[in-house]
């Protein structure tokens, strides 16, 4: 059974790449009102390997300390 972070990644990762890019995160946020620039800044801040996407480790590094989810 996947962890909460793995389940989140799988639900947002529409192209099955194992990563989340700006467009996928924007789509997941739906009508949140966040603009693309803000979402890209968030990804850039947490994108430790600088590939323009968030992978499972990068998501865990952000989400686990922030919300305690596994």
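Note that Cβ sites are derived from N, Cα and C of the backbone, with glycine treated the same way.
For 13, 15, 17, 19, 24, the entry in Swiss-Prot reads Ca(2+) 1 binding site. Within the same chain, residues at least six positions away from residue 19 (Ca(2+) 1 binding site) with a Cβ under 8 Å of its Cβ are 13, 51, 53, 54, 55.
The Ca(2+) 2 binding site annotation in Swiss-Prot covers 47, 49, 51, 53, 58 and rests on sequence analysis. In the three-state DSSP scheme, residue 58 (Ca(2+) 2 binding site) falls into the helix class.
Away from its own ends, the domain 'EF-hand 1' (1-33) comes close to residues 39-40, 42-43, 51-56, 59-60, 63-64, 69-70 of its chain (Cβ-Cβ under 8 Å, at least six residues beyond either end). Feature annotation from Swiss-Prot assigns domain 'EF-hand 1' to 1-33.
The domain 'EF-hand 2' annotation in Swiss-Prot covers 34-69. Taken through DSSP, the domain 'EF-hand 2' (34-69) splits into 23 helix, 1 strand, 12 coil.
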Check: What are the DSSP helix/strand/coil residue counts across the domain 'EF-hand 1' (1-33)?
Finding: 17 helix, 1 strand, 15 coil
Notebook entry, point to check: On a count of neighbouring CB atoms within 10 A, which of the binding-site residues 47, 51 is highest?
Noted result: 47
